[in-house]
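Annotation comment: Swiss-Prot describes D126 as active site, proton acceptor, evidence class sequence analysis. Taken from Swiss-Prot, the feature active site, nucleophile covers R128, and the record attributes it to sequence analysis. According to Swiss-Prot, the feature GTP binding site maps to R49, L50, H51, S52, E53, Q70, E92, G93, R94, T114, T149, K154, an assignment based on sequence analysis. According to Swiss-Prot, the Zn(2+) binding site annotation covers C54, C65, C67.
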Amino acid sequence: MSVVFVAASKLPTPFGVFTMHGFLDEATGKEHVALTLGTVDDGAPVLGRLHSECLTGDALFSLRCDCGFQLEAALRAIAAEGRGVLLYLRQEGRGIGLLNKIRAYKLQDAGADTVEANERLGFRADQRDYGICKPMLEHLGITAIKLMTNNPRKVKALEGAGIQVTERVPLQTGLNPHNQKYLATKAGKLGHLLGSLHQGEVETPTGS
C-alpha cells in the first residue's frame with residue numbers, strides 16, 4: 001500500500017483540540033486525514049470511526065443522508081471518551097466521486113434508490129476501499145479499535161487487515177423525512193445495522 005504520512009498539526013474544534021495527521025495515497029493522489037485525541041498508541045482499544053468524505057452532508061448540511069450527523073456524533077463521542085481516532089477518507093459518494101454523486105442524486109429524484117442509481121451509472125453499490133486504513137492506523141500505533149459504525153463491511157475490512165475490532169459501537173443518528181428511503185436502502189440492500197431507524201420511525205435530527 002502506497003499510503004505515506006506527510007505532516008501533523010493541531011486542529012481546534014468545538015468538541016476539543018484534535019491532532020490532524022495528513023496522509024497521501026501515492027497511487028491515487030488522494031489526500032486522507034486522521035484526527036486523534038489523547039493517547040492512542042498505548043495498545044488499548046481506541047474508540048474510532050472510518051468516515052468517508054461527504055461534501056453535501058459534512059459541509060453543506062444535506063438531509064439526504066446521515067453522514068454529517070454521524071461525523072458530528074463520532075467527534076462528540078471521541079471527545080467524551082477523552083481519546084480516539086477518526087479517519088476521514090476521501091471516498092466521496094461511496095467511491096464514485098462528487099459529480100457522479102450528483103448524477104446519482106438526479107436519478108434518485110426520479111425514483112431510484114441509492115443502490116439502483118449507482119448501478120445505473122455503471123458503478124458497484126459501494127466502491128470504497130478500506131485497505132488505505134491499515135497504514136494510517138499503523139502509523140498512529142493503533143492495533144485495536146472500538147469501531148463506531150452501522151456497516152459490517154467496515155468491521156470485516158479492518159479485521160481482514162489485521163486490526164482487532166474489539167467492539168462495534170452503533171452510530172444511529174440523523175433520520176429525517178428526506179433520508180428515510182436512503183437509510184431503508186442501506187439497511188435492506190447494503191446490510192447496514194440500523195435497528196428500528198429504517199422501520200418508519202422518523203425523528204427530528206439533532207446532529208448528535
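Using N, Cα and C of the backbone, Cβ positions are placed for all residues, glycine too.
The most crowded of the binding-site residues listed here (C54, C65, C67) is C54, judged by how many other CB atoms sit within 10 Å of its own CB.
Using a 10 Å radius centred on the Cβ of the residue listed as 'active site, proton acceptor' and all shown protein chains, the other Cβ atoms total 19.
Each residue contributes its Cα atom, and for R128 (active site, nucleophile) and R94 (GTP binding site) those atoms are 6 Å apart. Across the structure, C67 (Zn(2+) binding site) and R49 (GTP binding site) place their CA atoms 12 angstrom apart. Spatial neighbours are here defined as Cα atoms within 10 angstroms of one another, and by that definition the neighbours of D126 (active site, proton acceptor) among the binding-site residues R49, H51, E53, C65, E92, R94 are R94. C65 (Zn(2+) binding site) sits 12 Å from R94 (GTP binding site), taking the Cα positions as reference. Residue pair R94 (GTP binding site) / C54 (Zn(2+) binding site) shows a Cα separation of 9 Å.
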